[in-house]
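Visitor: What follows is a single structure, and I will ask about it in a moment.
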Amino acid sequence: MTQDEMKKAAGWAALEYVEAGSIVGVGTGSTVNHFIDALATMKNEIKGAVSSSVASTEKLKELGIEVFDCNDVAGLDVYVDGADEINGKNEMIKGGGAALTREKIVAAISDKFICIVDDTKQVDVLGQFPLPVEVIPMARSYVARELVKLGGDPAYREGVITDNGNVILDVHGMKITDAKDLEDKINALPGVVTVGLFAHRGADVLLVGAPEGVKKFD
């Protein structure tokens with residue numbers, strides 16, 4: 001199986017967690033795009049979706065799936081999203097696609113988080129993939145200096161503005177052994193909107209597309 005075929009297998013496997021009559025939380029990225037294709041086969045059985053990005057919203061609407069505003073729902077049964085890295089505790093680095101804040105919000109209102117990845121995303125220690133931090137523009141330099149104090153090497157993601165109008169710092173060179181503690185420390189910095197560590201709200205179920213098929217961890 002190619003990497004894209006493994007992503008597709010994981011995306012379609014997540015369909016079993018979608019219940020008829022529900023509103024589904026939908027994440028962002030190449031693996032999620034396969035899930036959206038799968039979800040379209042159930043579009044007449046579900047009420048619709050809450051999306052974590054403009055890109056996913058556009059794809060959902062193109063396929064005829066109604067998209068609800070996050071503020072108009074009290075909660076979601078399930079949220080399906082990918083990850084840039086995930087460890088054995090189902091803690092993740094997310095935000096390579098710059099949608100981390102909205103992803104974290106949709107995850108927070110969902111009862112169950114289904115993470116879908118190919119097997120290249122599984123790691124023992126988080127941090128080889130640069131850790132994204134969404135920052136209010138005027139705080140960029142200050143936050144970068146503070147991230148250096150925390151042991152990171154931050155780089156401004158030039159030319160990228162988030163759906164919320166903010167900028168991204170990608171933090172290189174970190175071996176994250178205590179993800180919850182680092183999530184707290186970075187989120188406490190003035191000017192940080194959120195960090196792409198999903199440790200306090202990790203995945204409940206992990207579906208991994210692998211050469212031998214889809215593996216499930218929960």
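Every residue, even glycine, has its Cβ placed from backbone N, Cα and C.
These numbers come from a predicted model, not from an experiment.
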Visitor: Swiss-Prot records T28, G29, S30, T31, D81, G82, A83, D84, K94, G95, G96, G97 as substrate-binding residues. Which of K59, K61, K121, K149 is assigned to the same site?
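Guide: The one candidate that Swiss-Prot places in that substrate site: K121.
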Visitor: Once T28, G29, S30, T31, D81, G82, A83, D84, K94, G95, G96, G97, K121 are set aside, which residues in the chain still have Cβ within 8 Å of the Cβ centroid of the substrate site?
Guide: G27, V32, V117
Visitor: Quick one, of the binding-site residues K94, K121, which Cβ has the fewest other Cβ within 10 Å?
Guide: K121
Visitor: What whole-number distance in angstrom separates the two most remote CA atoms of the substrate-binding residues T28, G29, S30, T31, D81, G82, A83, D84, K94, G95, G96, G97, K121?
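Guide: This binding site's residues have a maximal Cα-Cα distance of 15 Å.
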Visitor: Mind checking which of D81, E103 has the fewest other CB atoms within 10 A of its CB? They're the recorded positions.
Guide: D81
